[in-house]
Amino acid sequence: MTATTNVFLDKQEYGKDKVRLLKVHKDTKIHRVDDLTIRCLLSGPAFTTSYTEASNKRVVATDSIKNTCYILAKSSKVVDTLELFAGELANHFLNTYDWVEGAHVTIIRHRWARMNIDGKPHNHSFWRDGEETRQTDLFVKRGPNGLRTVVALKSAIAGLLVLKTTGSSFEDFVRDEYTTLPETKDRILSTCVDSTWEFHVPAVKTEHFAAHLAQIPFNNIYDSVRDVTCKTFAEDESASVQATLYKMAAQSIQNWKWLDRVSYALPNRHFFAVDLSYFRGTKNLQEHADVYQPLADPSGLITATVARAPGSHARL
């Protein structure tokens, strides 16, 4: 056996991934559903021996972690607010197992839209209206003196597919011997939006942790970031994806004092006008274009993070 005296366990997390859960809210005749995929990971020095000495004395079975997700979902009143439900899960593991130092919870919510039947929203029937998801990622650690420290709290939109048929140009970019792309004053703009926003959450006493998180209007922030994304995309006379992205992110930081940083990843989904001049001189380029060829790959990819200025939290 190879000696291991010159190595050490640098970091670890373990737990249950891809826990599928559907919560049906039946508090009124109009039912609501939350279709979730959950990951719960635990960490701390007490788990070191499970790796280095094959000791399971401190290992909470991943099956138990899975069961905890279902049990807490049954009693929870905040499953429809991903950040708060993630906080309940994380706090449970830290409260229940005093050797757990960190709890890392990721939740994805899958879309279900209410059906309209005979022109009216149906009380209990839904349809999947796209692959867009809402997500949150929370990492909480046990702090000194009974504190809960939120190492990271991020929420996200993923897979929001958008397209507009005008109101986008791309001009005055670098032209050299490698350039074949023509400048354009008007083009189709389409992207699949991935956006992440990071929260500013100070450390708090364990007994105040849930109430402190509950002060943040997470659902309103999610709705607002999504609305700002769509409104800016639709209304901005876009000189570039970069310029439009910056406006989206900056607006959301201005709107919500709890946000530290907003990031976007916007792949540019190309639509090129088909040259039909070979067919009896048919015009379909520039201002005559109305028939396009979608081209998925290769695609441009524009990413950026916009951050709140240092110290500006104190002025909010």
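Even glycines carry a Cβ here, placed using N, Cα and C.
In TrEMBL, annotation is done automatically, which means it is predicted and not curated.
For Lys16 (active site, charge relay system), the same-chain residues that are 6 or more apart in sequence and have a Cβ closer than 8 Å to its Cβ are Ile38, Arg39, Cys40, Thr62, Asp63, Ile65, Lys66, Cys69. What TrEMBL lists as active site, charge relay system is Lys16 (among others).
Summarising the annotation, TrEMBL assigns active site, charge relay system to Thr62 (among others).
Within 10 Å of the Cβ of Asn268 (5-hydroxyisourate binding site) there are 16 other Cβ atoms, across all protein chains. According to TrEMBL, the feature 5-hydroxyisourate binding site maps to Thr62, Asp63, Phe170, Arg187, Val241, Gln242, Asn268.
The feature O2 binding site is assigned by TrEMBL to Thr62, Asn268. Around the Cβ of Thr62 (active site, charge relay system), the number of neighbouring Cβ atoms within 10 Å comes to 16.
If you look up TrEMBL, you'll see Thr62, Asp63, Phe170, Arg187, Val241, Gln242, Asn268 marked as urate binding site.
Per TrEMBL, the feature active site, charge relay system maps to His270 (among others). Sequence-distant contacts (6 or more apart, same chain, Cβ under 8 Å) of His270 (active site, charge relay system) comprise Ser190, Pro294, Leu295, Ser299, Gly300.
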Recorded 5-hydroxyisourate binding residues, Thr62, Asp63, Phe170, Arg187, Val241, Gln242, Asn268 - maximal Cα separation rounded to whole Å: 53
